[in-house]
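Participant: So Swiss-Prot lists the following for this protein:
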TRANSMEM  21-41  transmembrane segment
TRANSMEM  73-93  transmembrane segment
TRANSMEM  98-118  transmembrane segment
TRANSMEM  132-152  transmembrane segment
TRANSMEM  168-188  transmembrane segment
TRANSMEM  199-219  transmembrane segment
TRANSMEM  236-256  transmembrane segment
TRANSMEM  263-283  transmembrane segment
TRANSMEM  288-308  transmembrane segment
TRANSMEM  338-358  transmembrane segment
């Protein structure tokens, strides 16, 4: 929005030309989103308390979690507001890639909102009926994927980048739709499963979004894309603004979500953030890199799949409890130790992921 205003005002004062620079707008998007999150946080928490939108806790979970019962949830609303306002202000809204990510972000946020609402109303952790939840997640993902495919099917935007191999970039064609669908829906649910401890999901999200800001900038820059042997996707550079908005909103939310949390993001936050990360990975053609950098999300999801599969096949559990962060809690690890160690692991994986861009 401000890009259009600056383009008009630059004829009167060339200083407004600074708004045309992605780096400037990226920093401003981060600061704007963070400022909004910090500003509206107390009011959002107060209203959630008045509405009695409190967290429900599994009765078979760690005893330390019982004290969390009643803590305001659905705090992801403040994340969505911060990202939405910041992006609308600082991004070039003529860029279709921005709208694809926002569509998934708010679409998944709506599904998460309904899921959270039913958990609160029923006073249990069941939420929205699973088949309806996955139906709507799938519909939203497929609409976005078909749109992305229609825009980029004749360009490098449907290539698959394989880490460590610079000359291996197969053209996916129609299979792009299948892969992209699973990346978006899978990442959304993986982040959702990770969101079980104070700050556990939001900090890895911030780290991965920060890395994707760098990757989006390189992907949208012809010279850097050639230098790194990655696909050049002309519209991708503008995603830097959205990535930094996610980082800023995440930092603003972390202020209130750090241990001991004053508010939880709920499914309205975790499903939407995961969906946004998955969509960004698809747009910059780095789906496999997301698996590396978001390794904590992947392991959390796999732990649930393995636990359920093992119990159905052998009537035995692999972990004391799934997702795996609860396993470590039941082993006696204090919650802050689990959280910080998962943060450290994510930082290492993100750095490894960024290094693979050069080691190819």
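Every residue gets a Cβ built from N, Cα and C, even glycine.
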Participant: Apart from its near flanks, which chain residues at least 6 from the ends of the transmembrane segment (73-93) lie with a Cβ under 8 angstroms of it?
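Facilitator: That would be 1-4, 25-26, 28-30, 32-34, 36-37, 40-41, 44-45, 48, 53-55, 99, 102, 105-106, 109, 112-113, 116-117, 120, 238, 241-242, 245-246, 248-250, 252-253, 256-257, 263-270, 272-273, 276.
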Participant: Looking at the transmembrane segment (168-188) and the transmembrane segment (263-283), are there 3+ C-beta pairs under 8 A, with each pair at least 6 apart in sequence?
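Facilitator: Contact between the transmembrane segment (263-283) and the transmembrane segment (168-188): present, because at least 3 Cβ pairs are under 8 Å.
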Participant: Cβ under 8 Å to the transmembrane segment (236-256), counting only same-chain residues 6 or more beyond its ends: which ones?
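Facilitator: Contacts with the transmembrane segment (236-256): 22, 25-27, 29-38, 41, 45, 75-76, 78-80, 82-83, 86-87, 90-92, 95, 97-98, 101-102, 199, 202-203, 205-206, 209-210, 212-213, 216-217, 219-221, 262-263, 265, 269, 273, 276-277, 280, 283-284.
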Participant: Excluding the flanking five residues on each side, which residues at least 6 beyond the ends of the transmembrane segment (338-358) place their CB within less than 8 Å of a CB in that stretch?
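Facilitator: Here the qualifying positions are 163-164, 197-200, 203-204, 207-208, 210-211, 214-215, 218, 228, 230, 259, 289, 292-296, 325, 328-329.
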Participant: So if I exclude everything within five residues of the ends of the transmembrane segment (21-41), which remaining residues of that chain have a CB under 8 angstroms from its CBs? That is, six or more out.
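Facilitator: Cβ under 8 Å, 6 or more out: 2-3, 78-79, 81-83, 85-87, 89-91, 213, 217, 237-238, 240-249, 251-253, 255-256, 263.
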Participant: Count, for each of 98-118, 132-152, 199-219, the Cβ pairs lying under 8 Å from the transmembrane segment (263-283), and report the range with the highest count.
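Facilitator: Most Cβ pairs under 8 Å with the transmembrane segment (263-283) come from 98-118.
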Participant: Counting only residues 6+ away from its ends, which parts of the chain sit with a Cβ under 8 Å from the transmembrane segment (199-219)?
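Facilitator: Result: 22, 26, 191, 225, 228, 230-233, 236-240, 243-244, 246-247, 250-251, 253-254, 257-259, 261, 265, 270, 273-274, 277, 280-281, 283-286, 289-290, 293-294, 296-297, 325, 338-339, 342-343, 346-347, 350, 353-354, 357.
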